[in-house]
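Annotated domain 'Homeobox' per TrEMBL: 71-128, in sequence order. Residues or ranges marked as DNA-binding region in TrEMBL: 73-129. The region 'Disordered' feature in TrEMBL is assigned to 86-115, 340-383. Summarising the annotation, TrEMBL assigns domain 'TLC' to 131-332. Taken from TrEMBL, the feature transmembrane segment covers 140-160, 180-198, 260-283, 303-324. Per TrEMBL, compositional bias 'Acidic residues' is recorded for 345-358.
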Amino acid sequence: MLQGLREWFWQDWLWFPEGMGWADLESRDGQVFSKSGDLWMSLPIALCFLVIRQIFEWKVATPLAALLGVREKVRVHASHNPSLESYFRSTSKHPTQDEVKSLSKQTGSSEKQVHRWFRRRRNQERPNLLKKFREASWRFTFYLLAFIAGLAAVIDKPWFYEKEEMWKDFPKMPLLPSQYWYYMIELGFYFSLLFSVASDVKRKDFKEQIVHHVATILLISFSWCVNYIRAGTMIMLVHDSSDYLLESAKMFNYAGWRKTCNYIFIGFAAVFFISRLVLFPFWIMHATIVYPLTLYPTFFGYYFFNGLLMVLQCLHIFWFGLVLRMAIKFLPGNNIVEDERSDKEETDDSEDGDEEEEKERKTKNGPVQNGHLPLNNNHRKVD
């Protein structure tokens, strides 16, 4: 049954235009074509990336953070309280007001003390600046090197300038060594991101990031199998063109270099808009959706490939909305630019809380006179 399903799944008419098929991708006459089995190479590359990342963050990113002046905020830890800790771990990290009242009675603490305890406890679980900086510096390094390498691999190719060249001689387009390594390294990197997602900094767009990683892996893998490699290299290059700018802006933001961060972010926003909302839909997607219709009748692979591109484009629009929200902070009076996707640390207002409790305590004893409490203010007058 599985063999029959496999044979049906890989039928020529599903993945190629009429009259073409897998036989066209058989290596011959010294020409090498992409094979689905080549994709297994990306898994050991992904594992290598995970190891290299640990070494990079330890030997490069950490000293760089110290050089740029990354400073950790002093966090006040929540006091030891077994009841609240049990509730925090098993029930909710954000108790409602009714739950706070109940916990207040159970622990003998005031409601403000319970609120403060949960604020501090939540802050303890948030990643520190050094972790964020190391993660950003690792991604900055990869995206910058990948963009430079990708540009070097395609800048002398005719399909870099003429989108019609992406489909010339399809599917009999020989595989170049530069294309092989560009694909394997990019695919391995995205696999490494997927493997490390549980330990990386979780942001508000966590689900969107997962969708992006999965869609990217499927897109790279599918384009490799059916030899859409020319279009695939252009898609990867467009994506790498702006990512390194965002990561560098975050690095300077974590280091407190606000003006530098702002200038880089302006550059990132401009490149993101041009690459993701102009070049990607109106050049690359036009070359994969409109132009093939002038050459071949539609087939399932056509819809599948362009469906994945549409998923990516929807994510681009979503992320550009976040970019605009961040850009608003460049307006006069807004001095701090933060990643809108980040889970912001809650302010620990323990000092204010202590002052309020002190005021409450004094108020219970009556008004203050010249800085001193009336001695008999809480007693009835004796006639």
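Each residue, glycine too, has its Cβ placed from N, Cα and C.
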**Item:** Remote residues contacting the transmembrane segment (260-283) - C-beta distance under 8 A, at least 6 residues beyond either end
**Value:** 163, 235, 238-239, 241-242, 245-246, 248-250, 252-253, 312-313, 316-317, 319-320, 323, 326-327, 330, 337
**Request:** Give me the mean pLDDT over the domain 'TLC' (131-332), rounded to a whole number.
**Result:** 89
**Message:** Across the DNA-binding region (73-129), what are the DSSP residue counts per state (helix, strand, coil)?
**Reply:** 36 helix, 0 strand, 21 coil
